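Here the structure comes first, spelled out in structure tokens, and everything after it is commentary.
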């Protein structure tokens, strides 16, 4: 008899405020199959999976397990039903042994552990397991692939019948990935488990999955047997086809925002990056000798799947991360992102997650708006003191111009909504003439109106002659805004195309790792 | 709903009337610490009420008691600034004791190097030397943090031990006055160099100097351009970098200023109290300053008040010893309890704002 679990999700929905993260998504994982879940960042994959695992319950829809409707209110409920999750990042205790980690996973530790009995049980389990690990091996000494195996073993030891894997191979080498996925597929086909796997890699889908579901902006785009899918088709599903009623121009039907042909005289490079290398937080090289140039009156889009070095590159350009090698030039002169250079050459930034990276939550809106010029007259008075009256006056004018709500300069920044935090940051960064603008995911998580507003501001800066570089996880956003697109993968620029001749399937292929 | 409350709370916290709210955790911590201290006293068959009465008497009950308390508050204000100034940049520096020791040693060594200096030059030079050496010591902890990634709390503590060891090494060695037999000391300061009492008081000028330093620090942090920048660094260092602020310079500068304050504390202890650099300097003012800064919630003006209170606790020790036979360390027990309670109540800060909002909304409904 098959142990594998049959899962059916019917019309699942989830909203965060006005944002619809998941909209009427239905999904069927057949028992004993490997089901791939594809989609861009923010397409709703995580929201769906969090609902299934009980981390964040769904607003609407039903979940059926083996044909019976169930309610999954918390992770323990999911565990009881036989649904287990393997996360992208390891959740093993590195200081303990394999055996101790397996025992820990059961979640119920007695006051006194009878190791004799536990070991006998664990060795019996390990004998029947698809991959073998030495029970006494310290986890800190395991390779990434072995740790991933331990994660899966933990779920098998708990006798879970549906494994949800979140990008299981992102930390593995190609060989390790092949081995792990191959063994899981074999287990599924023997009817021991079902697998639901989130991935960005088309190769894995085509090689190991039986069926594939594609989400896009919270909606179901396609569900098909993998036999009917091709590389091209997957890319097209993920990126979406431009629909007739929804062209970029229609979304931005504002005279101020419409693209203007570039003036012929403004082609000089304003921002130049020359073989720039940057380290990530762990001290490993993440950006490898990237070169690019952004010209006056041009908006260049930097596309890529999250985690391919775009964050590090943007942070280096906006002064938040030190540079390992290479050079940055603004207006042809070396640029080290000092305050004096920023002011003199009018370089501004819109960082991603503006509340955490773009402003100081505990300071007031007025103080945040003054971060660029609190050391200049009229805010800086004689004797080097700060005039809070001037800070307030400046904030009042800019809050009005950028429609920050509520229009109260003394409010703590952290008390504003996401869209208004971004507007306040815009009010700081875009109130003076801009020469170079560096933006990262400028509209992430914002509602439609805020998106249109912020896009209009970016285009207005470009139209006023600024060199604008926008990195975004959302390819559609870039196709809509950019004059030219760059694709970054594994810390290198791998593709460059004029927006006019850009093909989203081709771009998607260049973005996806391993192709 | 709770989201809305939190928002309103955040607004309230910034309102001018929020002083009471800011002081509340400290008051609660002192109350709960006194309650625990009472249990401690009961366990030793001492009446808590009698002990607390004596403590108040010993701290603030007479002009002599006041003088003693304020005398102790003088270095505490300055060592508290050694915590409060770097705290504005988001650092927890606890190495004030070492900076105080080296500052005192630097001041004492002025008498060794240039004993014939005129008093008008000598005292400022001692204070300056104390500030410079103390400042460099803590600035070094800041440099280790910014440039080498060493945690500043641990770094400053270890540097403090190093500073104390260096102090002992020099006082008992190269800088020792051969005439100091039982208690190794540097050469005594010429009588004319000693900093005297403020007119009409029995408290030396170091107290006025400390209080003035606190007021200046408050003005600097609240109103000056670098103070504003320091606030940004402490609030969100990513944003400070985004707008091009010289983060390393600001952090190390704040450490230098804090260390300088602690060094000046040491200099005044030498120039106004001890008359030479010796082991009496190491009586824990640097560590008690941490307590003062946390009780003051890193606000330099509140530091003045808290330093007087903690100075008072210290001053009351001898009376407890004489009247109730308690060991001198009893006051340290109370200080420790206050510190532990402060940390516990600090965690409740956000909730307090919420409670206040609930109360006020209940009141509004009644109207």
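Don't overthink the numbers, they just go from 1 along the chain as shown.
Every residue, even glycine, has its Cβ placed from backbone N, Cα and C.
Please treat TrEMBL annotations as automatic predictions, because they have not gone through curation.
Here is what TrEMBL says about this protein:
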- B:21-43: transmembrane segment (TRANSMEM)
- B:63-87: transmembrane segment (TRANSMEM)
- B:99-119: transmembrane segment (TRANSMEM)
- B:125-144: transmembrane segment (TRANSMEM)
- B:203-221: transmembrane segment (TRANSMEM)
- B:250-273: transmembrane segment (TRANSMEM)
- B:279-296: transmembrane segment (TRANSMEM)
- B:301-320: transmembrane segment (TRANSMEM)
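Distant neighbours of the transmembrane segment (B:63-87): 57, 93-97, 99-100, 134, 138, 142, 152, 201-204, 206-207, 209-211, 213-214, 217, 221, 234, 251, 254-255, 257-259, 261-262, 264-266, 268-269, 272-273, 285-286, 288-290, 292-294, 296, 298-300, 303-304, 306-308, 310-312, 314-316; these residues of the same chain sit at least 6 beyond its ends, with a Cβ under 8 Å from one of its Cβ atoms. Taking Cβ pairs closer than 8 Å, the transmembrane segment (B:279-296) reaches residues 26, 29-30, 72, 75-84, 87, 94-101, 104, 160, 164, 167-168, 171, 183-184, 262, 265-266, 269-270, 302-303, 305-307, 309-310, 314, 332, 335, 338-339, 342-343, 346 in its own chain, all 6 or more past its ends. Non-local neighbours of the transmembrane segment (B:250-273) in the same chain are 71, 74-79, 81-86, 88-89, 91, 93, 95-97, 99-108, 123, 126-127, 129-139, 141-143, 145-146, 152, 189, 193-196, 204-206, 209-210, 213, 217, 226, 229-230, 233, 240, 281, 285-286, 289; each lies 6+ residues outside the stretch with a CB under 8 Å from one of its CB atoms.
Non-local neighbours of the transmembrane segment (B:203-221) in the same chain are 67, 70-71, 73-78, 81, 84-85, 88, 127, 195-197, 227, 230-231, 257, 261, 264-265, 268-269, 271-273, 299-301, 303-304, 307; each lies 6+ residues outside the stretch with a CB under 8 Å from one of its CB atoms.
The list of residues near the transmembrane segment (B:99-119) in space but at least 6 beyond its ends in sequence, with Cβ under 8 angstroms from a Cβ of it, reads 75, 79, 82, 125-127, 129-135, 137-138, 160, 163-164, 166-167, 170-171, 175, 186-190, 192-193, 258-259, 262-267, 269-271, 274, 276-277, 281-282, 285-286.
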